[in-house]
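Working notes, structure below.
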């Protein structure tokens, strides 16, 4: 069996590591560097360049030099972030036929996974050059807050690169593996703060040691998949452009060549300001007008940079609070804070994190290499090279189905350890219902329509039976990569239908973040909606059972007893169509009051011989959740 390599496929830089003699080793690429820029260039003569060679020629070929592609994976073209990136990226972002964000390279539309595959090929070749043998298997890392679509796209990129992706693992979890593997004994709870080139994650992880076996259990995760070093660079670029326009009256935004030079200079200045208090951005011959060539020379202080990006750093603090709350912990419960990602080298970031946790982050973890090292460790675990290590990761958002009244019924809640499988029995909402539509949704809201529709499928061939009698078992199964499989089975006939949620119907990060924000902001309206639906269901049940008793009574019940019941039923059915909970409750009560004669009649009939059947029916009813499945048009698929 060959080596399973570990790859950190980053927004700005990528890194590859292997297990060598029981230790993780980060490999140097052909240029002699331990990290490779995640930059791909397509030259005029048809050559594809990856890494440093692509970065070096970017100034002369800005429109065909692609970077930060990870920010586009799993995104729709119309996403707010994509539209914002279009304005600042020198290359062309276009809409695909399915609405995804793709790229235009020399007139050809290319999907982000195809471009990311070029970086993965470079990582694969680096490992093969070191090992002297073919490499076909890898563990690849993704941000913890990546959704199903983004995880699928990463696996696709691996497949395009000729790799069998044995496992997708979360970046903070990988960093925890790198940190915790060689540490001493004892149980610890750590916070991994991962601010990379394009994404931000926070994970709270518990490391337990029992009889020599280490368990890495993720307690909670949170993040922002559109926050990273690229955003910090953009603030610096915009500042330099504004200063130059103030000085020279020329807007450099319209000059791709100048913008590419500015991007390089801004990134370099940002890095220098992590160790220096001031730096000069000096770009001679940046542009020209009728009066001759123009030179850019601007002094930037660390204080100025900090004022430009302060809100970005602050944006990373809220997810820390949510993650701690979800884990049921306080700041004092955290033993160690680990910083991952190149952007965490910025002193302001380190200071904010230290201020929040009340302790200095550890300095013995390499922020650029820790994730790749952890991926290699996981590869070693899968290959049997590394013993006594167990990794327990989580799913970032709740998953469920739409049930009666448009409610989302969760089968798997957020921060559940994966892989996981959960089943629940539902039933029909109508008598003799022969088919149901299973509508799968993801998110934290109570109303199914407020969450993301992941997909739907039909289960038909259900045998005729009164409502609430058929037993339909719905099973959600999330694999170790965080990818969802759903099945529905009619327990009576044994008929089953399955679906794997495809990448095209995954969530994009804006939707994830919006769901979490909405769930917090709308907790009260969600509670009221849930109460209204429960009352509606009670009213529906009362109307259904009363109508059934009326029909069974037939002419045996006098007309003067029937008339008020019929009137009360009509009023209740009208109220059920409205949104007034108190009105529905009043009409249920009114129906109960006028139905006393009917109930007495039903009890007499039951005493006459129907008691056994009714008891059996009630028992079956108790074992099922009343649910309604109705076809929902999924316009976002």
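Using the three backbone atoms N, Cα and C, a Cβ is placed for every residue, glycine included.
The model shown is predicted, which means the values in this text are computed figures rather than measured ones.
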From 502-531, 532-561, the residue range that Swiss-Prot assigns the feature region 'Disordered': 532-561
Examine the ranges 568-602, 603-637 and name the one recorded by Swiss-Prot as region 'Disordered'. 603-637
Cβ proximity for residue 199 (phosphothreonine), under 8 A, sequence spacing 6+, ordered by residue number, returns 11, 70, 71, 143, 145, 146, 223, 224, 225, 226, 227, 228
Beyond the flanks of the region 'Disordered' (532-561) by at least 6 residues, Cβ under 8 Å: 404-407, 467, 569, 572-573, 575-576, 579, 581, 584-585, 587-588, 591-592, 595, 597-599, 601-602, 605, 626
In three-state terms from DSSP, label residue 199 (phosphothreonine) for me. coil
